[in-house]
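> Following this message is one structure expressed as structure tokens.
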């Protein structure tokens, strides 16, 4: 299946674990494609996948990723050195916060690459550096991220299957269909007709310092990710030792809280611009490409957009080929566009600010649909 091919780099190794699960072969007269899936599209996409492999687009440029890591470590070190040399007055703290936030967000994009096994050819090196970046540099569990993010990729924007839209219905109502359903059932956990307003003071600034911070420890502890927890501990030891030597307790707590809020805001706006404005529904069991195209959109390419979003402006290509190194997305994009045009699939690509605005517009539209259904008798 296309999902299996997309997620597994070493398919020969993984196939060994599948052999005991085989229960038989399909009879010759039985169809190999389910009726909900577009057989011609499946065939064409698999041909595209073969072309991608022949072109070497799944091969990483390790110098590219080394430079990414180097600039992350440089900014991380510079953030502390500013306070060390220039003191802890307002201006040095502002510059230190800025550099630390950039470093942490860029580390988030790099751990994303490592989690998708797209930095090294050998899986074990991806896993090892993933723990260093995610656990030691960021302070979160690598296995926790992999667990949630793999579910997101398998069924993006599918209710009850994609953990990234679990905020529905408790914080926001998402998607046209679910908003109307919620209104008809007279359910109201929040004033959804105002959700496009309270979004600014809830999800962007608070996702990291509240929910993610607690959830990563909860999952790591309950699932006994002891190695991750040990790596995460090194982040807090390093952070409180280095910054604690320069700031008093009150200032240190304010510093890390502000940093996490800034980091969270950057991450949320980028991560949600590709999905929240798109179709959100129950799982329709569509073919791989249709599933990804309905739930994802792109943002225009530029050097700034590529860096600012960690190449997640190429969200369509990333979802179709999760293990592809991000520096190759632009190369496969024309091929994906052609395949979309051939099969009448919409390939959405927007300016960055339009993508941000569409998050708010979609929340406003969903809230209005809920409100109308809720008031209708």
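Placed from the backbone N, Cα and C atoms, the Cβ positions cover glycine too.
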> Can you identify, from 63-83, 126-146, 147-167, the stretch that TrEMBL calls transmembrane segment?
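Of 63-83, 126-146, 147-167, TrEMBL gives transmembrane segment for 63-83.
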> State the non-local partners of the transmembrane segment (63-83) in its own chain: residues 6+ outside its ends, Cβ under 8 Å from one of its Cβ atoms.
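Beyond its ends, the transmembrane segment (63-83) has Cβ neighbours at 92-93, 95-97, 99-100, 102-104, 106-107, 109-110, 113, 119, 133, 137, 242-243, 246-247, 325, 327.
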> I need to check the long-range neighbours of the transmembrane segment (198-218): which residues 6 or more away from its ends have a CB within less than 8 Å of a CB in the stretch?
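Contacts with the transmembrane segment (198-218): 140-141, 144-145, 167, 171-172, 190-191, 229, 232, 257, 260-261, 263-265, 267-269, 272, 359-360, 363.
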